[in-house]
Structures are given as C-alpha cells and as structure tokens.
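> Handing you this structure, nothing more for now.
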Amino acid sequence: MKQRWLLVLILCFFTTSLVMGIHGKHLINDDFNETALLLAFKQNSVKSDPNNVLGNWKYESGRGSCSWRGVSCSDDGRIVGLDLRNSGLTGTLNLVNLTALPNLQNLYLQGNYFSSGGDSSGSDCYLQVLDLSSNSISDYSMVDYVFSKCSNLVSVNISNNKLVGKLGFAPSSLQSLTTVDLSYNILSDKIPESFISDFPASLKYLDLTHNNLSGDFSDLSFGICGNLTFFSLSQNNLSGDKFPITLPNCKFLETLNISRNNLAGKIPNGEYWGSFQNLKQLSLAHNRLSGEIPPELSLLCKTLVILDLSGNTFSGELPSQFTACVWLQNLNLGNNYLSGDFLNTVVSKITGITYLYVAYNNISGSVPISLTNCSNLRVLDLSSNGFTGNVPSGFCSLQSSPVLEKILIANNYLSGTVPMELGKCKSLKTIDLSFNELTGPIPKEIWMLPNLSDLVMWANNLTGTIPEGVCVKGGNLETLILNNNLLTGSIPESISRCTNMIWISLSSNRLTGKIPSGIGNLSKLAILQLGNNSLSGNVPRQLGNCKSLIWLDLNSNNLTGDLPGELASQAGLVMPGSVSGKQFAFVRNEGGTDCRGAGGLVEFEGIRAERLERLPMVHSCPATRIYSGMTMYTFSANGSMIYFDISYNAVSGFIPPGYGNMGYLQVLNLGHNRITGTIPDSFGGLKAIGVLDLSHNNLQGYLPGSLGSLSFLSDLDVSNNNLTGPIPFGGQLTTFPVSRYANNSGLCGVPLRPCGSAPRRPITSRIHAKKQTVATAVIAGIAFSFMCFVMLVMALYRVRKVQKKEQKREKYIESLPTSGSCSWKLSSVPEPLSINVATFEKPLRKLTFAHLLEATNGFSAETMVGSGGFGEVYKAQLRDGSVVAIKKLIRITGQGDREFMAEMETIGKIKHRNLVPLLGYCKVGEERLLVYEYMKWGSLETVLHEKSSKKGGIYLNWAARKKIAIGAARGLAFLHHSCIPHIIHRDMKSSNVLLDEDFEARVSDFGMARLVSALDTHLSVSTLAGTPGYVPPEYYQSFRCTAKGDVYSYGVILLELLSGKKPIDPGEFGEDNNLVGWAKQLYREKRGAEILDPELVTDKSGDVELFHYLKIASQCLDDRPFKRPTMIQLMAMFKEMKADTEEDESLDEFSLKETPLVEESRDKEP
C-alpha cells in the first residue's frame, strides 16, 4: 500500500512540474511578445524623444518591460496600461503596435506631437480607455478603427487634434461606451441624422465642440438618449430655425451647449423643456435666435445653475416665472436687445445668483437698489446700457453681498459721485465705472481696498488727487486707468509699491510734479501713459528697469533733461503676455500738428465703439482713426518697446544711439522738443517702425541712408530742424510729402529741390550781387553764347539722323522731372521667403524707361487692357519679343508712392504658381511702374461676367471654375501661411484673379497688401481696404484688416463662380442688396439650388459637389470672423472632396501642419 502511495506522489510531482514548465514557457513567450510590441512602437512611431522618456525602453535578458517608464502591469506581469502623457514625443502614430497588446486596457498619449499614419486596419483590440488628445492626428480612419475594433471601449478622447473629414458611423455595438470627445478638430460636413441615436444607451458624454460640422439642427435624432448627461455642439456651423423634436428624450442631460452656431428662429415654448429632469447648464449663446425669452424655459428652474443666452437678438424682458430659479448661479443675457425693469422685478428675487451679465442691452432707468438683495453676487456687469442716476451705494452692507468681486457699469450715463460705501466691499477686485458722467474725488476708502486689482474710471469728470498711500496695504493693483478726467496734484511716490502693476493710464488730466523714479521698480509694468498733463522734471532713467515696458506715452508735458538711454537697454525682455486678456482701442492721430501726440491707447472693456466719438482726441482732431479689439503683448526674449511718445516737451541733448536697437518699436515720436545732435545711423535697426517723428527740434547733419531700408515706415516727419545734405534715394524716403522735410535749409533731393541747385536768395541780395559782378557776367555771357552755338550745330546734325518716332520719345523723356531706369529680374527666388528687406536678392539688368514707353506706344489707350483703383494696366511687347503687363500707378500724393513700395516689398520676392510674378519695376520722377508676367486670358471678372460682350468673355464649365477656385485658394493660402511674415491681401476680388493660358488662377495686385506679423498687427492699417461687395462687415467697425477678412472676400469670389452673378448688380439685387445678401437669404430658406448658375446645373457636373462648394462659400461668408475657416482649413476641405487631385506638397503641408496666425479677436466671453 505504501508503495502505491509513493508511486502516486511521484507521478503527481512529475505532472505538476511538467505543467508548471509549460505554463512558465508561455509566460516567458507572452512577456517577450509584449516587449517586442513596445519596442516596435518606439521604433516605428517615435521619431523624437527630447526628454528621453523612453530612455530605459531597452530589451535586457531576464528583465521584463514592466519596469519601463509609463508601463503598468497586472499582478501576473501582463501589460495593462501605458501612460506617456505630456512627454514631448514626436512621430507618426502606428496605433496597431499598441492595440495588439492582448491585455492593454488603458492608453494615455495626450499632450504629445503624434501625427496620424501607419496601418489602421489591425485586429481586434481590448482597450477600455484611449486618450490621444492634444496631438496632431488628422486621419479620421483612426477613429473608425477604434470604434469598430475595440469592443470593450469605455472612454475615447481624441480632442485637440486635426481630424478632418466627415463623421463616420456611431459605434452602436460598444455597449460599455460612456465617453466620446472629438472636440477641437476640423471635422466638417453634415452630421448624419442618426449619428447620436446610434450610440449605445450607455453613452453619457458626447463632445463635438469647435469643428466645422453643419446641417440643420432640427434634423438630428437623439433616439432614446437614456443616459446622456453631457452634450456639446458649440462652435460649429449648425443652422435651422427649430430644435430637434427628440432632444427632450435626453431626460437626464445635465449640460446642453449649442452656443456659437447659426441657429435662428425662437426658443421652443410649450412643454418642450419640461422633460429635462437634471439640466444644470444650458448655453444657446452667440447664435441668431430672436423673439422674446419664452416663460416655459423657466420649467428648467428646478435644477438650472447656468443659463447663457448672450449674443443673440432677444428682446423684451426676462419672464417673471424665472423667480423660481432658486439654484441659478450664473445668468448671462449680454449682447441682446433686452429692456424693461426685469432686473428689479425678477433678477433681484433670485437671491442665490453669483454671476450676472446683462451688458450691451437697452436697459434704462436707475440701477435697481434691489440687486443688493443678491447676497451671493460676485460679478455684476451692467456695461453699455442706458442707466442713469447714481452708482448704487448699498452693496456690501451687512445685509447685502459681502463677496462682490467685480462691479462693471461702464459706458452708461451715471452721474453723481463715486460712493464711499464701495470701500466696504473688501472682496472687490475690479471696479469699472468708465465712460459715465461721474464727478468729485475717488473716495479714499476705495484706494484702501486690500484686494483691488483693477481700478478703471476713465472718461468721467472726476476731480481731486491720487492719495499718498496707494498700495501701502498690499501691491495687488494691476491696472490703474483714470485717463481723461480732471485729476490734480502729483503722482504719489507710494505707487512704486504696486509691484503687480501692469497698466498705468493717467493721461489727459491736470497732474503736476515729477514722475516718481520708483516706477522703475515695477518689473511687470507694460503700459505707462502720462501724456497731456503738466508734469515736469527729467524722465526717470529708472524706467529702463521696467523689463516688461512696451508702451510709454509722456507727450505734452513740461519734461526736461536728456533722453535716457536706459529705455532701450532692458525694456520688453520678460513677462510674455503680461497684458493678455485686456481689450484695447488705439486712437491714432492722423491730423498732423493740429492734435498733439501720435494718439492714445484706451481700455475698451464694455464700451460701445460709437461712444469713443465723445473723446476729445477723436472729435477735436481733424483726422483720427480708431483700432479696436486689440490684444497687447510683450516678448519673451530680445524684445523692446513698441510705442514711445515724448513729443511736445522740452527734453534736450542727443538721441541715444541705443534707440536704434529697439527692433519691435512701431511708433517713435520725439517731435517738438529741443533735441540736438544728429539722427543716429543705428535707426536703420528700427525694422518695425511705422511712425517716426523727429520734427521741431535742433537736429543737424545728414539723414542716415539706413532709413531707406525701413520697409514698414508709413509716416516720417523731420521738418523744422537744421538737417543738411541729400535725402537718401531708395526705400520710401522720397515718397513722403514736402511738408515732412520742410524748414531744413540744407536738405535737398526728391521731394525737395534737386541737390546742386542753390536755394533762391532774397531780391535785395541778388541786386547787390549783380552790381558787383557786371563785368564777370558779360564775359561769362559771351562764352556761354559761343558754347550754345557750338552745341546747337552739333544737335542739328544729330537730329537729322534720328527718326521722328525716336525724336518724340526723346522729347517726352526730357520733359520728365528726373531721369530713371528700370530693373528687370532674371531668375526666380526659392519659396517661402522672408520679405523684410527692401532689395531683391538676384542680379538685375537695366532697361530704360524709353523701352517701356516704346513697347506701350506711349501708354496709349490701344495698349491698355485694364484699370483699377490704383492704376492702369498696359500690354507691352518688348524688343526681345516677350510680352509683359505694365501697371502704371496713379499719381496721388503719397498714395501712389506707398502703393509702389508695398508692391516692391511684398510680391517682388515671392514666387508661387498661383501668384502673378512681379518681374520688374520702374520709378521715373512721378511715374511708378510695375512690370508683371502677362496673363493671356485676363481677369476672372472679365471672363466670367462678360461672356456675351465683345471683350472676349468665354464660357466656363464647372471643371474650369473649380480649377480656378482651388488655384485662387492655393495662392491665398500661400500668402497667409507660407510667407514669413504672413501676408494679408486686403483686396481679394475677381478682377484680381488672373488666368494664364492654361486657365490656372493667379492672384494679383498686392498694392493693398501689408505684412502681418507679431510686430505689425495692430498699428499698420493706414487705409480701409477692399472693394464694395467684397468687404467683410467687421472692416466697417474696427478698420482692422485680417486674414479672415481675406477669407470672406474669397467666399464672394467662390459665390461668383457658383452663381455666375456679379457681387453688386442693382438690376439683379436692387439698390439695397448684393450677391452675398441675396445668396444668404436663399440659403436660409433652403433654396440653395436657385443660387447656382443654370449653366452649371445642366453641365453634368454633379449637384452634390456644387452644394458642397456652396456650403464652403457660406462658411467663408459668416458675419462672425472666428466662424470662418482659415485658408489651411479650406484647402483641407477641398482635399477631402478630392477636388485637388494634383500632387502638391505645399497643400499637404497646409493640411497636416497648420500653425495659427495672429489670433483674431473673438466675441468677448465673461
């Protein structure tokens, strides 16, 4: 018996050993396979690892991959998680290498630089959580792969990428899926009607924010929608005037955000909102909703916490039923047309409200004292209404809100004094009472508020002084904006304790005394405005210690002493973005000496643009221009000030040569002082300078030739000095009017008298000289007569040998003010190019003006092929047989010259197949000529709109029109995104799209173009650009040209191609309408087919494609600039439709590597 048991034990031992050996071998193999897959991911997907995150990802015998950085394993050694968040990895993501891991459940790769690529058709995966957010993934097939293969998926986040294309199918089979986030991508086209309803019932979170998705909102089906708690379609292109009938099925929704779309019509009434049991946040902001706010919306009051209806066209009042919103904390009704007494009768009874925004409405009467009942109120914004009476004094009493942080009542009609009771609001951080009619002093209690960061009360009639002791109890004050008041006294020394100060504006008051040197201790100070006061003493050298200073305005004071060279040594070196988040307006003085200073920067938060007309600097000056919506910034390295105005003082001494090192300086005004010495040659380093005023000083010496290289210079004034010598030829110096050089007795050259000709002396001096030199004059006269006789004989001999045509040409040339030559460019230049230089990089050969004159038959009408706002275009055949187009700029003082220089500095150095090449230039006296490559078919305007005329218009089928649309878009995209700095065209129109012999579109006429970069965004606009019918609506408000303005103009061109109609045609659209208005109305009414040219509909081109292009045109023509696509996104849309089938590396670059331009101002959100 014992032997049997022993045998059994031995068999069990061997069996167990065999099983364990086999199992161990499998474990080893599985571990090896998982390690190999991770190494394959590192090898195939990671091209750059700057932080050496994967440094320990190396195969070592005996050691598994569980110890590798970012890898997590189960207890039995299987890889279940990979976390490489924010590691800085770059490469092309091959997701299959990771999803092949059989036990991988959690994959976190967000915050890297992965692009899409590799195989997206792998086998099944077992991921539960996938986070690829904040990368550069563009291929939507990766989303389809994840939805189709990862059957256990619970959460997927691919937000903040560059996904393009249409939304695919919804993963109805993923029964565990709860979260899908595809926000902040470039997804486009119509949302499939069943896309939302096809998701499994488990879905709780769906975010499609900030794409280009379109379609009628009412067509969407939400199905049963049982568990959905978060749904956002904000910042898309949804339209329609009704809400989906199945949306109330989502009974458990907590957040519904469909803001920033194109929704029209009225908010649903009736019981539509009664089904929502848990809705806490509803945002319908920034659409086109109209009518009155329905009382039935208050059915949400039992749970509603946040309600945002701002940026629509609602009228009337907030219904009384909203008093039941006991949980409501955030109410935003701004930017509508609301009126009435609802603040008193309704809002004041919602005692739990914390944030109240009703700015930009039509509410009048007194500010209701009953608002003090809202004891939890933190932010009160009543800006830009019609409030009258006094500022309420009841806030922060024992019974009212002790937590009030912001009170904003700017741009109203309040009167009386600033209540001292506001000093009881110990939590107050921001007070903005600007643009009212307040009087009296600012109470001392307000100055002592411990948490006050923003004190803004400009444009009132405030009196009194700024008390000593500011910031003694703490340096929290960041912005002190009290300009345009009646303040007296001196600037207190204690202001130097405001160590967080960013912006000080005390200009246009009655301040006296000296500028405190302690201001130099404010290392965060970015803007200092003390102009138009009676300040005296020296400019403190300590201001050079303000390392963030970018804006210094000291004009119109009584300052003396030398200009401190320290201002150029350290300014603008740190604190990038130190004043971001502020809204500004710059009022530029263009009226010469009638108004002092270069202009003024004003805080623009909560101010309607039309109210700026009240400012003395606007209505008192003969010519001013207002730039609004600006965002100021500083530079992280090698920066400088961008604005320095110390004009109308009594400063003396020399100009420090270091001022020429301020490479970001855009405005330098030293005029009307007592400055001596010479203009530093280092001023050639002011590469961003736009306005340079050195007038009315005692400067001597020559104008430095280096000034001729300042490409951005649009206004120069050196008049009333003692300058001598010639005005440097070249650049823009010869294009400024005579008045800019006047009263410098020794200056000569264009536009003044020619150098070498003596200035005319007084009559008495000439008579005296004549009496002394009679004999000499007689002898000189005889000699001169003999010489003239000899020259006449020689001239007659030469004339007999010259043809009549040559005679006429020579006489014409001799009649010109000065002689000149043409420069002809032989070879191309690589693209893209930096265009900050004033000369071409390739050799030039000479052509005489006579050659161009001969080629155009004296610029006769027979050779003229077109004309525009800035000149005429002639066809010219040169002696070598080549045909060119010559643009002769009109001779308008200043404008033609500025046009000429702008052309030379931009298009002359740019080569692209969809741009008209500038071949050469010519400048002869007052003549300004540009020589272009000749385009056989002329302009799109002529070809498209003159089919039936005798001017050679021809029929364009859809294939030709599509080719033209894509070519023009490609050229404009090149200007916006590949030129460094970027270029805004400013005058895109069909007459500026030329067609070569192959009907390839070429964008032409950059006469209105200005370089756009971080240096030139806000101060460089000198004329309102554009042609009627093509000008975007925002240009009439801010006068600021933007890339999105070009996109709008391109949308008009695309609409022309689709409709065959002109942008403005009173016979077609009436006197009060145009093509855009007509098309938008039809599009809203779902009559888009009526927009299309009948010739295209019968052209077998495919209605679907036509409507795709019509939808793109509609997006380009959105009234809101931020809703328009960029040209990169447009090219991506064309590529998605496979419209651009050519191999185009630059297009691929646009599609996959989009970089933001200078950010355009969006509608301000609280």
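Using N, Cα and C of the backbone, Cβ positions are placed for all residues, glycine too.
Keep in mind it's a predicted model, so treat the numbers as computed, not measured.
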> Can you tell me which of these residues Swiss-Prot lists as phosphothreonine: THR388, THR1098, THR1141?
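Per Swiss-Prot, phosphothreonine applies to THR1141.
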> In Swiss-Prot, which of 612-619, 748-755, 1004-1011, 1124-1131 is labelled motif 'Cys pair 2'?
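Comparing 612-619, 748-755, 1004-1011, 1124-1131 with Swiss-Prot, motif 'Cys pair 2' matches 748-755.
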> Taking every protein chain in this structure into account, which of the glycosylation sites ASN33, ASN157, ASN212, ASN521, ASN532 has the most other Cβ atoms within 10 Å of its Cβ?
ASN532
> May I ask for the distance between ASN157 (N-linked glycosylation site) and ASN227 (N-linked glycosylation site), taken between their Cα atoms and rounded to an integer number of Å?
19
> Please name which of the recorded positions listed here, ASN33, ASN227, ASN521, ASN743, ASP987, is nearest in space to ASN362 (N-linked glycosylation site), Cα against Cα.
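Looking at Cα distances from ASN362 (N-linked glycosylation site), the smallest one goes to ASP987.
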> In sequence order, what residues of the same chain, 6+ apart, have a Cβ less than 8 Å from the Cβ of ASN743 (N-linked glycosylation site)?
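Looking at Cβ-Cβ distances below 8 Å from ASN743 (N-linked glycosylation site), excluding near sequence neighbours, one finds SER719, ASN720, ASN721.
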> Could you say whether, by DSSP, ASN743 (N-linked glycosylation site) belongs to a helix, a strand or a coil region?
coil
> Give me the CA-CA distance between ASN532 (N-linked glycosylation site) and ASN257 (N-linked glycosylation site), in Å, as a whole number.
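That comes out at 48 Å between the alpha carbons.
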> Per DSSP, to which secondary structure element type does ASN212 (N-linked glycosylation site) belong, with helix, strand and coil as the options?
strand
> Taking only the glycosylation sites ASN33, ASN227, ASN257, ASN521, which one has a CA atom nearest to the CA atom of ASN373 (N-linked glycosylation site)?
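Closest candidate to ASN373 (N-linked glycosylation site), judged by Cα separation, is ASN257.
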> Based on Cα distances to ASP987 (active site, proton acceptor), point out the closest of the glycosylation sites ASN212, ASN227, ASN257, ASN451, ASN521.
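Sorting the glycosylation sites by distance from ASP987 (active site, proton acceptor), the top entry is ASN212.
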